[in-house]
Amino acid sequence: MLDAPPAASASAEGTAWTRKDLLDTDTLTRAEIDLILETARAMREVRSRPVSKVSTLRGTTVATLFYEQSTRTRASFEVAAKALGADVVNLTASGSSVEKGETLIDTVRTLEAIGTDVIVMRHHRSGAPHLAARHTSAAIINGGDGTHAHPTQALLDLFTMTGRLGSLEGRKVIIVGDILHSRVARSNAWTLLKYGADVTFCGPATLLPRHFVPAVDGRRCAVTTDLDAAIEDADVVMALRMQKERQQRGLIPSLREYIARYQVNAARLRKAKPGALLMHPGPMNEGIELSPEVAHGAQSLIEEQVANGVAVRMALLYLIAARSRT
Amino acid sequence: MTDRILVRGGRVIDPARGVDGVLDVLVESGYVADIRSRIDAAGARVIDAAGCVVAPGFVDLHAHLREPGFEQKGTIATETEAALRGGFTTICAMPNTRPAPDCGPVLESIADRFRRDGRVRILPIGCITRGREGRELAELAELAAGGVIAFSDDGSPVADPRLMRNALALAGALGLPLSEHCDSPEMHTGGAMNEGAVSERLGLSGQPAAAEAAAIARNIELAAAAGARLHIAHVTTARGVELIAEAKQRGLPITCEVTPSHLFLTEDAVAGGGPEPAYDTNAKINPPLRTEADRRALLAALDDGIIDAIATDHAPHAIEDKLLEFEDAAFGISCFESAASSLLTLAARGELRLERMVQALTSAPAACFGIDRRIPGAGRLEPGVSRDLVILDPAAEVTVDPARWASKGKNTPLAGQRLRGAVRAVIFDGTLAWEREGAHV
C-alpha cells in the first residue's frame, strides 16, 4: 500500500481544514470548498490505481450512524473510509439501542467512548447532526438530516459539474422537483451560488419555498413553476426524487399530473443546451421524475455522481480525520 | 418586624386606582395599610425603594404547574416558589395535568394540593372537555361549584365547532370565561415552529400564521353566536390581533393575553445567533415565536389595549424533554423567573410603557377572569384589602441564570442573556416573602 494520497491539503492557497464537523454547505467558504474538491481529485487518482487503497487513516475509527434507510450514502462512506485504511463500524437505528429508547446524545457519546473519531450520520430530523455535534468531541459528518441539508451530496454534485464544465460562472442550473422538502436542493444551492452559477428551483407551487431561498452575495435562487420555460438553455438539469406520499397528502393532484408537467424527458431535455448535464441524487423513481430514455441516456451523469461520491467522501474523511488527530 | 414594612420612596403604580407617583407604602398586619407621600412608621422595617417601581402583586392567567402527573418537570411547590420570585402572587393553573381536573373529585384533590403546597395564591382552571380530548363536555357546573376561575383544554384546541359553541354557552351561563388556545392543527402537520423564512431555511415543519388567525376568527364567531365571553390565550400574530380588535369594536366580550416570550423574542431565536443554526429547543413554544413584524404588532396592540393582559404560559420541562432533536422536543418556555426582566428590558428600550406593563400584569388580568371578585384586593393596592406587592428595580443589570432558578424548568432561550430590570422584592400576604440577591435572575 502506498502511504498517502498526493497531498492536496496544503494547497488551495494555503487553506487548512479547521472544522471539527461538516454539517452543511452554507457556512463553507469558497476556499474550503476548493480544498475539498482539490483533495477529492487526488482521491480519485488513488481510486484509479491498481491497488486503490492507502493507509492514511489507519487507526482511525469511522462510524456510520443511520436513522434512515440509505444505500448509496452509507455504502459510499464505508468504501471511502476503508479505501483510506480506517476501521468502520456500521450502526442503524433498527437493531441498536435506539430501538430501546436511547437518545441521540447518548448514542453519539457511546460511540465516542468506544474510540470513534468520525461519526457519519443520517437522521430523519432536521438539525439532528447539529445537536450531536454539540455533545461529542467526535467529528460529525452530516449524511443528510430531515428536510434540511445533505452537504456531501452537494459537494459530490459540485465535483461532478466542475469536472465536466470547468468553471460554473454564469452556468444555468435547474433543480426540479419537491424543493421544499429537499435537503439536496438546499445544500446544492449554497455551493452552486458560491461558484457563480445561476440556480433555478422549479416544481409545483405546493412544493416550492415561499419565504426563503438561499442567496450568496446578493445573488439568490430563482423560483418558478414552469419547467418548460426554465429548462431553456440550461447547462445542468437536476431532478429530485418525488415522494409518492406527497399525492396522498394532497400536495399534488396526482403523479400523472406531476409527470406531465415536471418529468424530465427527451423532449424537454432538448430545450436545454446541447449536451446539457442530467443529474439525479438517487434513489430514482424511473418513469416519474426522469423518463427511462434520459435516465440511461448519453447526458445522464447519475453513475458518475455515485462514483465521484466515493472520492469526495474520502476527501472529507481525510481532511476531518487529519484535523482531529492534531 | 416583618409584620410592619415601610416601602419608602418608590414610584407606586396602581393602575386599578389610577395611582402613579412617588409614595410610601406601609404594610401592616398582613395587609397594605396605607399609601401616602410620607409615612412615619416607627419600628417598621424600611425598604428604600428610591428609583424602584412599587406595583401590586402580579396576576398570571396562564401557568403550568405540572403536578399531579409530571412532577419531574415541576411541582406545585417548586413552580409557585418560582412564581413568587417572579412577582406573581396570584396565578391560574392550566388543567393539563394527569389526571386533568375535568370533574369535581379530581378538582378537589388538586385544589387541596394547591392549598397545602402553594407558595402563592393558585386558582384552578377546569377542563372544557373530559380528559381534554375534545369529545364530550366536562361537567362544567360541578367544576364551577368547585371553584374554577375559567375553563380551558389548554394546548388542545376544541376542534368540533358545535362542542365549542355549547361550551361557550354553558360557561357563559355560569359566569365564567373560556380560555382557548387558538390553532387549526388540521392546517399543518404538527408544526414545530413558525412557518416562514427560518423554518424553510432549517427544514423544520411550520405552523402558518393563518392557522391561528382562522381559529381566532372561528372562536369569535362562535362566542358571538353563543352570546358568551371568550378569552383568547397567547395571541401571537399580527392578523390575530386585527381580528380581536374588530371583535372588540363590535362590542363582543372578548379578552386576550400575550406572553413575555412572544413580546421579547422572534422565530430567529430557534436558529440562534451563530454561523451554524442552533435548532434551540428552548425556543420551541406553542404557539411558536413569530416574526419581527408580528412582535411589533403585539407590542402595539398591548399598548393600545387590544391585548388586555400579559400571561406567562410558564411551561417548565425536564432537561431530557428538551435535549432532543428539535421536532421531538417538548413545547414550552419556563418563564416565571425571567418574565419581569424581559418586560422591563422592553420598557428600557422604549418598546413598552412601564405603566402599561404594570397594568397588563395586575388589574387587567384580574378583570379578564373576574379575579378581583374572588380574591379581594388582587391586582391592585387597596389599603386594608390588598395583601401583595412587588418592588421592581428597572435599572438593575442582571444575567439570566436558570441554574439558580426555583423552577425545575431550566428551559429558557434567555440563559446567559444580559437584561435590564428585575424584581427586587415581593411581599405576599403582607409578609416580605422574597428578596433578590446578586446580579442574576
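Glycine is no exception: its Cβ is also placed from the backbone N, Cα and C atoms.
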Task = Given that TrEMBL annotates B:Asp154, B:His234 as Zn(2+) 2-binding, name the residue from B:His181, B:His188 that shares the site.
result = B:His181
Key: TrEMBL annotation, substrate site containing B:His64, B:Leu65, B:Arg66, B:Asn96, B:His317, B:Phe331, B:Gly332 - matching residue among B:Asn282, B:Asn286   = B:Asn286
TrEMBL Zn(2+) 1 site partner of B:His62, B:His64, B:Asp154, selected from B:Asp313, B:Asp321, B:Asp328, B:Asp372 = B:Asp313
Key: Mean of pLDDT values spanning the domain 'Dihydroorotase catalytic' (B:52-237)   = 97
Query = B:His317 (substrate binding site): which of the binding-site residues B:His62, B:His64, B:Asp154, B:His181, B:His234 is the nearest Cα neighbour?
reply = B:His64
Message = I want the residues beyond B:Asp154, B:His181, B:His234 whose C-beta is within 8 angstroms of the mean position of the Zn(2+) 2 site's C-beta atoms, in chain order.
response = B:His62, B:Met94, B:Ser152, B:Gly155, B:Pro157, B:Ser179, B:Glu180, B:Ala233, B:Asn286, B:Pro287, B:Asp313
Ask   = For B:His62 (Zn(2+) 1 binding site), which DSSP three-state class applies?
value = strand
Ask   = Reported as an integer number of Å, what is the Cα distance between B:Asp154 (Zn(2+) 1 binding site) and B:His234 (Zn(2+) 2 binding site)?
value = 11
Closest of B:His181, B:Asp313, B:Phe331, B:Gly332 to B:His64 (Zn(2+) 1 binding site), Cα positions, recorded positions only = B:Asp313
Query = Going by C-alpha positions, which of the recorded positions (B:His234, B:Asn286, B:Asp313) is nearest B:His62 (Zn(2+) 1 binding site)?
reply = B:Asp313
Key: Cα distance (Å, whole number) from B:Leu65 (substrate binding site) to B:His181 (Zn(2+) 2 binding site)   = 18
